[in-house]
């Protein structure tokens, strides 16, 4: 994220009438933050990244705390700005895990020791002001009253005077704090606009895992193309509406609750600047980011939780932090791994890590960088990390923005967002320059779409486990913990104070500073923190001053519920089996005030337009998609004609089967031309499964998703294998050159031709070749071999070839051939005898043996294997009487029933043959002699020993022999 600061930081001279002071040219106002983001706007009050101008009033007040009996609520009363402000507060620390740990690294003792855990959970409250439902408050009641509240368009920030906080901390609820150290500073301001930039260039699609920097000269973001949907996809209809989203790979289109377990790390600069209040400050920042991720515009159920906090007191014990943002990120990513237990079941295991630093971060050319993150890496333990420059409470927005990048969100003005966001590109959380935040929809349609598709493609499976001991986040508004003076100090340094400006109450925080020795007011164009008092019974919420009394209307969570299923969308294909969708939205009601987002299936899909497509010269649907890119490939590779694209199947990972991977015909280069094939495209040539939104889902041979129907060996969908017969054979001799083995006819299915090379040899000097019906070679012709695995498209059928150098050279095809082809063997040199076997299935004609025509007939199946390989065995086949519908019948004439058994293998079995004894191994004394043992076929051919009966194998083919005694 990058700063965008108007000329002079929006400075103005400090005069007696601050309300009439003129604003610097180029200053902008920031619109109100959504009611649900009551914590977020307060944190934005002191930003130097996405700044806002403001004018404010201030008064000293004495808070009156009272515990409401029996209701678990606390009432806070303030008298200021000629009004009474009554805040009704409830404990709210939902973003903290109960058993979180805080460790201090590198204390002077040199050891890493946990601090004694003080219970911060009881500090944080949220609520309403003066009963106004549009008001909001977020306060901390520890060590005084700190935070912000929002009432009637004005934001209020309250903070104890330095000496008062300790005395106030000793006051019990309902008891007035001791005098005289009881004063708090209460400021109010009006709502304004925010301006800010995040200068990442988003012009091109981004590969997942590329580092993303928030400096426009430095960064490139990345995303997984496989995780994207196409804007033309029917499933995108309604994106930008309140649609329930979120899923994992195993459950397509299912909205599931995600828990982002987080480790917060503060470096030495943070420890020195914030002191003992650091932990509370970090949790306050994170509570705002967590509330942003609860807004329904993100279209997912996401909970940010803290499981661990590390505070580094000795820079030698932590990652190297420099002004180089990219280097700091890399150092931190490498360093944080040592603190992450590998098991996701460990209570301290985290999914992402965030480093906070006061170091001024710089990009390649400027030092306007506020944050940096790796993109699309939320479940990568080595790269799920972010670096945030702490420039005040508005660093909460930087945190939410950088986590958005970790969730694979691009900037809203990126090219891939244009069709989703339209002209509204700068009013959402992922805007490269934030201005006029859309309070009703802080997340853009593109951000919701990108995180949904990212999770839907299985990239968030580590987020499914519920944290065991999350740290409770503060429930009070940040403005109640940090008044305007403190917010100015966070942003502009310890000497800065708040500049009252009634015209910008709640909307923009103005702070003192010097320019050329002149005292001026300056701003970073962010509103006051939520919870800052803006009048009697009022406080700042979302840049507006609102009544505190209506807290229940914006603070009570309302859980979302699914609406009705919508109509089915258009089919993705006009024939051949497409996919269509119906969706439902989480709008009955839409969740609000941090209520739960809908969980469960949000999208249904089904098959459509199942009829066969007209023949397109035998081309498959995937071929057509590859060819569609030919016209975009005018530039050739080197020289020659333009590229012709054909599908690539061989060597493609199963997870990439639904990407459109095409190779240049005749060249071999291959590219991912589209992140997804059209829905309904078969996942592979030998599979009936189809692609749906870039994922392979099961479908039957009838092209219906989730159907159990399969092709039988005959290529018949749902058949029982009785309509075809097996043809098999072998070749064990061949002369040099090309010679035909078998011509496989049209309609043949499940073809397999294989040749196993001799052990230790890459080949035997003989190779398989294929010749098309027109006599042209489609494999290994003209004495040119294809050594690598490849897929050959032949009239719409894919022939899979292992490559000539494989130990088992093999050709396979599963679909029925549309034209015959001839298998040949190419023999070269002094080749060993080939060992080629082939099998395929062809349709057989049904035989009828009825003398008199009847409505039933004897139907036979193929003969089974012979029971013996020699010396007379038996074959069996199934003979059934069936009617004209193929159902079992009993009317067939038994006198003409075909035989169901027959003799086979009536030739003699191979026999063992012993040779003559050899000479004795010794010429004198005792030696040994041996004789050869062969296995011979019935025609005298020598066979391997495995062909003869091992039980009859002679045992005496070596023996002792005794010659004359040696002299």
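Keep in mind that glycine also has a Cβ here, set from the backbone N, Cα and C atoms.
Which of 172-179, 180-187, 188-195, 196-203 counts as motif 'Cysteine switch' depends on Swiss-Prot, and there it is 196-203. Binding of Ca(2+) 2 is attributed by Swiss-Prot to 344, 465, and within the candidate set 261, 585, 599 the record adds 261 to that site. Annotated range for region 'Disordered' in Swiss-Prot, selecting from 1-27, 28-54: 1-27. Comparing Cα positions, residue 446 (disulfide bond) lies closest to 571 out of the disulfide-bonded residues 488, 506, 571, 575.
Taking each of the disulfide-bonded residues 367, 385, 462 in turn and counting other Cβ atoms within 10 Å of its Cβ gives the largest count for 385. Sequence-distant neighbours of residue 608 (disulfide bond) (same chain, 6+ apart, CB under 8 A from its CB) are 571, 572, 573, 577, 578, 579, 580. Remark: residue 613 (disulfide bond) has 574, 575, 576, 621 as non-local neighbours, by Cβ distance under 8 Å and separation of at least 6 in sequence.
Listed in sequence order, the recorded positions near residue 506 (disulfide bond) (C-alpha within 10 Å of its C-alpha) are 534, out of 534, 547, 598. The glycosylation sites under consideration are 547, 720, 764. Their Cβ neighbour counts within 10 Å are lowest for 720. Predicted-model confidence for the domain 'TSP type-1 3' (908-967) is 85, expressed as mean pLDDT. Counting only the Cα atoms, the space from residue 598 (disulfide bond) to residue 333 (disulfide bond) is about 34 angstrom. When the disulfide-bonded residues 333, 506, 545, 586 are scored by other C-beta atoms within 10 Å, 506 scores highest.
Using Cα positions, the member of the recorded positions 488, 540, 547 nearest to residue 385 (disulfide bond) is identified as 488. When the Cα atoms are compared, residue 488 (disulfide bond) and residue 499 (disulfide bond) turn out to be 9 Å apart.
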